[in-house]
């Protein structure tokens with residue numbers, strides 16, 4: 001009798017623990033962040049196609065889309081463009097693009113976006129007309145409030161010298177941020193020296209004209225918008241019950257996937273103090289932006305990794321990044337077919353690489369694990385909503 005009682009107690013404890021685990025999973029807030037990097041957006045495009053494919057298999061639903069699984073999707077520059085593609089609704093109120101459409105999009109439009117060189121030394125390298133034309137044609141009059149999930153797309157206003165973050169949650173207090181997604185796409189990708197800044201206007205709650213003078217979102221968040229995306233999620237937690245589990249910065253209840261566009265292994269070659277002692281403005285201009293972006297991206301990853309590890313939730317954060325780009329693949333604006341094919345190979349090879357030196361788990365395996373969590377969480381939320 002005592003043995004039977006002990007077994008029953010053990011079974012009860014296991015069931016209680018399992019139930020608690022699944023309840024916790026159902027309350028998790030999920031965030032996807034995509035870096036900037038121009039044509040190198042092909043790399044996260046490959047990763048997203050793999051992830052969405054896994055979700056479709058697990059849920060036996062060919063129409064499953066990333067926006068169905070993530071509470072917040074954020075991006076800057078080319079990552080902002082991808083964010084708009086997978087969150088903007090089509091005529092059937094489903095995402096304009098599936099993840100499998102991302103890479104073909106770059107192959108079709110990339111050569112035109114990066115082919116209209118102005119040839120001016122004292123002006124932007126490209127005129128930006130095609131970069132503006134494509135979002136206008138594809139996304140039309142769709143605005144931020146219509147996004148199928150929360151978004152976090154960054155830009156920088158050169159007139160006010162302030163970052164501008166386009167999110168659905170800000171619209172109640174700042175309705176002027178309800179801009180057209182096509183304007184946002186150009187603005188977040190308008191990298192200084194590459195494309196002209198973008199001007200457009202919206203209306204305030206009083207009907208007054210509100211003007212924007214915007215450039216690339218990387219100026220506001222540098223290339224990695226992961227912290228921005230998490231910040232948007234935590235701010236929503238104060239008002240939205242669906243985000244309540246991450247109030248007070250409870251990162252244990254946060255599932256974060258951050259996708260990079262690759263770093264330049266050649267740039268990782270060090271410079272000595274003696275070598276740079278006589279550098280002038282021109283020499284520093286050639287490397288200072290890369291240094292700043294690389295350092296900021298590294299520190300963002302370092303901070304997030306540290307926070308999740310300290311909370312014993314390191315499996316809740318995955319940074320997918322290729323750190324050994326070489327040759328033409330390092331260039332944000334080389335949209336030649338040969339280079340784009342190389343970027344596809346980089347993305348496909350990255351899936352087979354280990355997540356870290358200390359772990360045998362590959363990115364492919366880690367993404368499958370993430371997909372399982374996303375799938376289970378979605379089912380739990382759906383079941384809860386049905387009661």
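One-based numbering along the chain as shown.
Backbone N, Cα and C atoms are what each Cβ position is placed from, and that goes for glycine too.
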**Request:** Can you dig out which of the ranges 75-79, 80-84, 85-89 Swiss-Prot describes as motif 'GXSXG'?
**Result:** 75-79
**Asked** According to Swiss-Prot, which listed range is motif 'GXGXXG': 36-41, 42-47, 48-53?
**Response** 36-41
**Message:** Looking at 336-360, 361-385, which stretch does Swiss-Prot describe as coiled coil?
**Reply:** 361-385
**Fill in**
Within 10 angstroms of the C-beta of residue 216 (active site, proton acceptor), the count of other C-beta atoms across all shown chains comes to 28
